[in-house]
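What TrEMBL annotates here:
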BINDING   Cys119, Cys123, His211  Cu cation binding site
DISULFID  Cys119-Cys123  disulfide bond
Amino acid sequence: MASRAILAVKTLRCGQAAATRITRRMFSDAPGPGKRADKFGPVTWSSLALASVVGSGAVFYYYSEKDRLQTQSTSTVTSVEKPLLGGPWTLVDCDTGRAVTDASFRDKFSLLYFGFTHCPDICPNELVRIGDVLDKMEAEKSPEIVPLFVTVDPKRDTIAQMQAYKVDFHPKLKMLTGTREQVADIAKAYRVYFSKADENDDDDDDYLVDHSIVMYLVGPDGQFLDFFTQNARVEDIAAKIRTYF
């Protein structure tokens, strides 16, 4: 940074010096010291035409190369921007009490969200947003999307607790719980962070869980397609989902 500042000062000083010399001689017809007035010879129409052609070629090359590099950069970003998420998992469907796997939801799109029923505000807000997305898609007669709520608090989120919790949200919402290991497996597959807010209170049932706030879109083939953060608008989520139909 310092070297750039020095260079800028030097450039300015050089410019000022040149301006001083020009000012002193701007009204003189005599050539500058050590220089001949006819060094470059007269300017002809042919030389101007040649300069124009060369200049046009340089400009064309510049913009062509710029477009090529931008296209190459875009294709590179596109090829690596989608993270490798998802994989096989097994949980318990709280509606039936039976085990379900990732294969249980094949042939349909699914929208996964990880949270817990004792969450005071964020999880309820996100589940309402998921319901709004579903209503918007259903109004447009889009392919069916199955919303899945995966608990990150299996200790307190029993089947009974999950069933009682879901009544306040979209009727199609499926509640999934499981053992601590099963929840850890699916969270790892989707790189979901979750942790008890106070790890020292093992015997206390009144605690919060820190966790990632992300919706995951999974295709009918079970492959991860996209994700949506807390800041994504319902309209934008629906529009993005439509691109996968």
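From the backbone N, Cα and C atoms, a Cβ is placed for every residue, glycine too.
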Shell list (Cu cation; ref centroid = CB of Cys119, Cys123, His211; cutoff 8 A): Phe114, Gly115, Phe116, Ile122, Glu126, Val152, Val209, Ile213
Long-range Cβ environment of Cys119 (Cu cation binding site), under 8 Å and at least 6 residues apart: Leu208, Val209
Other C-beta atoms that fall within 10 angstroms of the C-beta of His211 (Cu cation binding site): 20
For Cys119 (Cu cation binding site): DSSP state (helix, strand, coil): coil
